[in-house]
Amino acid sequence: MPRVRLRTTESLTGSSIWSRLARYITGGETWTHYHLQVFVLTFFSFAFIHAARKTLSTVKTSMISTWTHKTETEPPLFPTDQAASEFLAKLDGGFLLAYSIVSYFVHVSELTMAKKRVLTFWLKGLFGGGVLGDRYDPRVVLSIGMWLSAIVVSYFTHLFLRSAFKYFNAFFHVFLFGYVTEYFHFYSKPLYAFLWISGGLFQSVGWPTEICIVGNWFGHNSRGAVMGLWSACASVGNIIGTMISSKLVLMGYQYAFAANAILLFVFGFIVYINLKSAPRDVGLPDPLESPDEFLRVIEEPTQRPVPINFWKAWLLPGVMPYSFAYACLKLVNYGFFFWLPFYLHSNFGWSESDADALSAWYDVGGILAAIIAGTISDHFTTRTPIVVGMLVCSTFSLWAYSASPASMAINALLLTIAGFFIGGPANMISSSVSADLGRARELRGNAEALSTVTGIVDGTGSFGAALGQVMIPSIQAVFGWDAVFYGFIVMIICTTLCLVPLLYRELLWQRRGSYVSLSSDSDDEDEEAVVAEEEVTRRRIHVGEDSDLI
């Protein structure tokens, strides 16, 4: 099969600058057209997941107006705007709680009955979604999660465009249910809560399985650059969802939900048909394998690695501090995600459409930070100093934005800066840092923990974010928006404090010359020997003093 080695030369690019830039980004790794295909498919699959998720935050003003509107025949769903706002906050919190908590956690490897496996699939949140990604084909898990999420979002629209979906009614009975609710104008708080929380549960399989797939294809030398660019998918998805909603909300908020649901549902089929979960699925070597090792196993049957125990994954170096840090940081990041358009509308009096469009600048800053910081971090022994440095800067950016005047231009600039220093570390922790933690040297190649670790980090973050979203409207109603921003600053400080001990230890180890990178994808001979021992030759290989770490 054709292979492309992105070690560009003078004759290929005509410029030594471009040659060095390519080597800087790729780390001299060998990439094929499959790598590009995997990158594009996973990027846009999660972008469309985020676009569907973003819809609720962009149409809150319209939904509050609808829910508090009194007609001659029907009373309003909520008596006041504040009551409707608090209910939306509970929906946000419930969504994130379902996204993170394992309602009924059973280790999949201990289950033998097919029914128990199916039950576990439905009951696990993001923690469980990560475990599923390690035990089942991530491509299948991701596709199913996208389809179910799209159906739930369509539920929420109260409009299902009968002519477009009539052929799916027999198979997806949920569409009938959604049509009936609109036909009878059935607006129910329990129904809203059930549907949106179910959406959080189904979307929980997305991020850990995507990180698992990308981590399988790209080695440590390029992981920061690749993950940095790839993690911008969430921000790109936010922009897509925001732009769609800003145009369609004038027709009715239900059209915004329907459009994003259709994109997500259709792309789920594209992912299922074309995505390859790992290089071994197409006969390519793993990024951490040497060519000789690949030749030794090329004739062996493909076999998925043995997954790591969920509780053992918590004890891997750096997993616990980064998980708690992300719980504080994601509260702030998702505070902007869920409430920024509403804040711009209520605080400055801008139209809902203008507020939606302006809020996209926060995601622009997150995209820039993910690319720049991720690429630079590849050339550091550890990514923690970069994350901590950006967190310190984010406290000042939050303070500056809280004092922003009623100017769209200044607001856009300050939003971009805040997105850079808040969204950047959030994207790094949930992507490249999680990938490094899941490939920790302590695993020594004998366990596939990447998806599980990603689920732990992002699940803990979602739990913290869920608690925060419930409190935001209450704090705003009593103390005002300034108090909300001061609370964000406090949470950023807590995030930094969680990482300071880890940063101190890493710097101390570096000073002593005994620091060992969290990644196991390095090219050192001892590491390759252990990988060959446990995954390739299945024989004992003496690795000297380093064997004590096993």
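Heads up, the Cβ atoms here are built off N, Cα and C, so glycines get one too.
Database features (TrEMBL):
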type: TRANSMEM; residues: 34-52; note: transmembrane segment
type: DOMAIN; residues: 96-513; note: domain 'Major facilitator superfamily (MFS) profile'
type: TRANSMEM; residues: 140-161; note: transmembrane segment
type: TRANSMEM; residues: 168-187; note: transmembrane segment
type: TRANSMEM; residues: 193-218; note: transmembrane segment
type: TRANSMEM; residues: 225-246; note: transmembrane segment
type: TRANSMEM; residues: 252-275; note: transmembrane segment
type: TRANSMEM; residues: 319-340; note: transmembrane segment
type: TRANSMEM; residues: 360-377; note: transmembrane segment
type: TRANSMEM; residues: 384-402; note: transmembrane segment
type: TRANSMEM; residues: 408-429; note: transmembrane segment
type: TRANSMEM; residues: 449-472; note: transmembrane segment
type: TRANSMEM; residues: 484-504; note: transmembrane segment
Query raised in the report: Of the listed stretches 34-52, 319-340, 484-504, which one has the most C-beta pairs under 8 A with the transmembrane segment (408-429)?
Result: 319-340
Report task. Could you tell me whether the transmembrane segment (225-246) and the transmembrane segment (252-275) have 3+ CB pairs under 8 A, leaving out pairs under 6 positions apart? Result -> yes
Report summary line: Among 193-218, 225-246, 319-340, 360-377, 484-504, the stretch with the most Cβ pairs under 8 Å to the transmembrane segment (449-472) is 319-340
Query raised in the report: Where, among 193-218, 225-246, 360-377, 484-504, do we find the most CB pairs under 8 A to the transmembrane segment (384-402)?
Result: 484-504
**Report entry** Chain residues in Cβ proximity to the transmembrane segment (484-504) (below 8 Å; excluding those fewer than six residues from its ends, i.e. six or more beyond)
**Finding:** 318, 321-322, 324-326, 328-329, 331-332, 335, 384-385, 387-388, 391-392, 394-395, 398-399, 401-402, 422, 425, 468, 471-472, 475-476
Requested in this report: Report, as numbers and ranges, every residue of the chain located at least six residues beyond the transmembrane segment (225-246) whose Cβ falls under 8 Å of a Cβ in that stretch; write 'none' if there are none.
Outcome: 24-27, 39, 42-44, 46-55, 58-59, 214, 218, 253, 256, 259-260, 263, 337, 341, 352-353, 356-357, 359-360, 363-364, 366-367, 370-375, 377-378, 419, 423, 427-428, 430-432, 435
Report summary line: Across the domain 'Major facilitator superfamily (MFS) profile' (96-513) the predicted model averages a pLDDT of 72
